[in-house]
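Here's the structure we're looking at; comments come further down.
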Amino acid sequence: MTYRSIGSTAYPTIGVVLLGGIANPVTRTPLHTSAGIAYSDSCGSIRSETRIYADEATHIYFNGTESTDDNRSVRRVLDRYSSVFEEAFGTKTVSYSSQNFGILSGSSDAGAASIGAAILGLKPDLDPHDVENDLRAVSESAGRSLFGGLTITWSDGFHAYTEKILDPEAFSGYSIVAFAFDYQRNPSDVIHQNIVRSDLYPARKKHADEHAHMIKEYAKTNDIKGIFDLAQEDTEEYHSILRGVGVNVIRENMQKLISYLKLIRKDYWNAYIVTGGSNVYVAVESENADRLFSIENTFGSKKKMLRIVGGAWHRRPE
């Protein structure tokens, strides 16, 4: 049977062991191990939607605007799987359309993973880890969104592999409150290109691997607090190194909020994560989520209640 299109959905991500440094701009293989979670809101409305469809010429659309895709990453993945499209659609020529909804950060992972979900929907016997390796051309941490829950992407700088550590159900007693600030984001490539200049980078690579192994141990006993406490420690190390090479992600009001969170911690547990953008993500036990969400002074940020969710998925081809 010949189809005309397939749609898919994937969810954005938050780093837990933060990634800094890629091997090269083409394969985007990470230089060291990292970890992350996929997130959305209570009804799954924070997401990336993708449609791949047969066409007379290839067009690539992001949020309704056609892109030249100058780095050719999406086009490269579509070309790589042209035989899959030919088998399903009767033609190798396809177009791609992606739309993001409410994403705070991690949209590249979601966009890449939604491509992977569509490809796997058309050819289920493909190895998802092989597909993930190709998706890295779009986003180096695409596996976080492709597999969902809590994942670790093990990497030695030459080869990378994403391992699913915990399903989202393991986090059912926890919520994440996002505090979104209106600061300009540092592009991920600025971080990747600068952090490797630090004299502390070799130690950072070692610590990231150690943190990932510790998270895997915490996961064995469902020590969710241990995982997020370590994520906060990782955030603090990571951004200290970035400041040392002139990349300041945590701006004034973000730091004020972080200081306030540490005061709140005397009353009830919380742990924060800052990745490369202008958001402070705060893990908290669900019983205290409303208390955290209702704090009056957010230092100019907007709040959003989040939860950890599963991997990317596809619809029935049409």
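Each position is counted from 1, following the chain as shown.
In case you wondered, yes, glycine gets a Cβ from its N, Cα and C as well.
Keep in mind that this is a model prediction, so the values were computed, not measured.
The substrate binding site annotation in Swiss-Prot covers Leu19, Glu140, Arg144, and the record cites experimental evidence as its basis. Counting only same-chain residues at least 6 apart in sequence, those with a Cβ under 8 Å from the Cβ of Arg144 (substrate binding site) are Thr13, Gly36, Ile37, Ala38, Gly106, Asp109, Ala113, Thr151, Thr153, Thr162.
Feature annotation from Swiss-Prot assigns ATP binding site to Tyr96, Ser97, Ser98, Gln99, Asn100, Ser105, Gly106, Ser107, Ser108, Arg185, Ser188. Under DSSP, Ser98 (ATP binding site) is assigned to a strand (E or B) in the three-state scheme.
Of the listed binding-site residues Ser98, Asn100, Ser108, Ser188, the Cβ environment within 10 Å is emptiest of other Cβ atoms at Asn100. The binding-site residues recorded for this entry are Ser98, Asn100, Ser108, and the Cα of Ser108 lies nearest to that of Leu19 (substrate binding site). Taking Cβ-Cβ distances under 8 Å and a sequence gap of 6 or more within the same chain, the neighbours of Tyr96 (ATP binding site) are Thr50, Arg51, Ile52, Thr58, His59, Ile60, Tyr61, Val74, Leu78, Ile115. Of all Cβ atoms in the shown protein chains, 26 besides its own fall within 10 Å of the Cβ of Leu19 (substrate binding site). Between the C-alpha atoms of Asn100 (ATP binding site) and Glu140 (substrate binding site), the distance comes to 19 Å.
Counting only same-chain residues at least 6 apart in sequence, those with a Cβ under 8 Å from the Cβ of Glu140 (substrate binding site) are Leu19, Ile22, Arg28, Thr29, Pro30.
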